[in-house]
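Chemist: First, the structure itself, so that you have it in front of you.
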Amino acid sequence: MASLQTQMISFYAIFLSILLTTILFFKVNSTETTSFLITKFSPDQQNLIFQGDGYTTKEKLTLTKAVKNTVGRALYSSPIHIWDRETGNVANFVTSFTFVINAPNSYNVADGFTFFIAPVDTKPQTGGGYLGVFNSAEYDKTTQTVAVEFDTFYNAAWDPSNRDRHIGIDVNSIKSVNTKSWKLQNGEEANVVIAFNAATNVLTVSLTYPNSLEEENVTSYTLSDVVSLKDVVPEWVRIGFSATTGAEYAAHEVLSWSFHSELSGTSSSKQAADA
């Protein structure tokens, strides 16, 4: 009897060991994904949260009209699991979108447009040059926000001294950690791809004007920098767009948007496709 009990105990010990190993294997090797595709917007877009003056009409998302002193934002309705506290893993992600800035003329344009990653309870911040995402040019870790800005108006307090319109990567401050001069093509569609490589912590931005008629000018731009997302943003975030106007103005519109993220070492997945 004792021998049988010993064998049973050994069997259960081996079984539990195999079970725990299997659970750990799948836990470590599973991947949580979030995906969505919006090829065109609709007036009753269900998967967006609108803030300020943001709204959708047939085929486009309008963040601001070409009027003074406005702030408009739109967030994807579901939170994104951008890093995992238990494993320390960070998600790889790529997002692409097409946007248009329409101003009455190409000289008096303000203030700009961003794609941003922020806490789940994010609210519109200061307008004007702060682009509805930040409140200060000083680094503030409590902001917990990363943004890619497409800045159309020079602000001497924090913008590059060359006074150019620019693309910038912002981390907890409206003062960009890196910038690239950018020539706005008023009324032209711009295609943007933003990708984050979790292995290197490199955030890369590319912008192209596919239908540009300005053959003598640069029509594509690339910018990158190291951003440690895990040290900046919360584990769960919202993603979205923001745009502002001031004394000068423009309409800021998004025509399409896709997003895909993969976070390894977790056990759930979420996918969505929206036409």
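Quick reminder: no glycine exception, Cβ is built from N, Cα and C everywhere.
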Chemist: If I look at Swiss-Prot, which residue among N29, N217 would I find recorded as N-linked glycosylation site?
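Modeler: Per Swiss-Prot, N-linked glycosylation site applies to N217.
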Chemist: E149 (Mn(2+) binding site) has how many other Cβ neighbours within 10 Å of its own Cβ?
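Modeler: Cβ-Cβ neighbours of E149 (Mn(2+) binding site) within 10 Å number 25.
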Chemist: Please report how many Å separate the Cα atom of N155 (Ca(2+) binding site) from that of H166 (Mn(2+) binding site), as a whole number.
Modeler: 12
Chemist: Where F153 (Ca(2+) binding site) and H166 (Mn(2+) binding site) are concerned, what is their Cα separation in Å, rounded?
Modeler: 9
Chemist: Return the residue, from the listed binding-site residues D151, D159, with the maximum count of other C-beta atoms within 10 angstroms of its C-beta.
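Modeler: Of the binding-site residues D151, D159, the most buried by Cβ count within 10 Å is D151.
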Chemist: Using a Cβ-Cβ cut-off under 8 angstroms and a sequence gap of six or more, which residues of the chain neighbour H166 (Mn(2+) binding site)?
Modeler: D151, D159, P160, S176, T179, K180, S181, W182
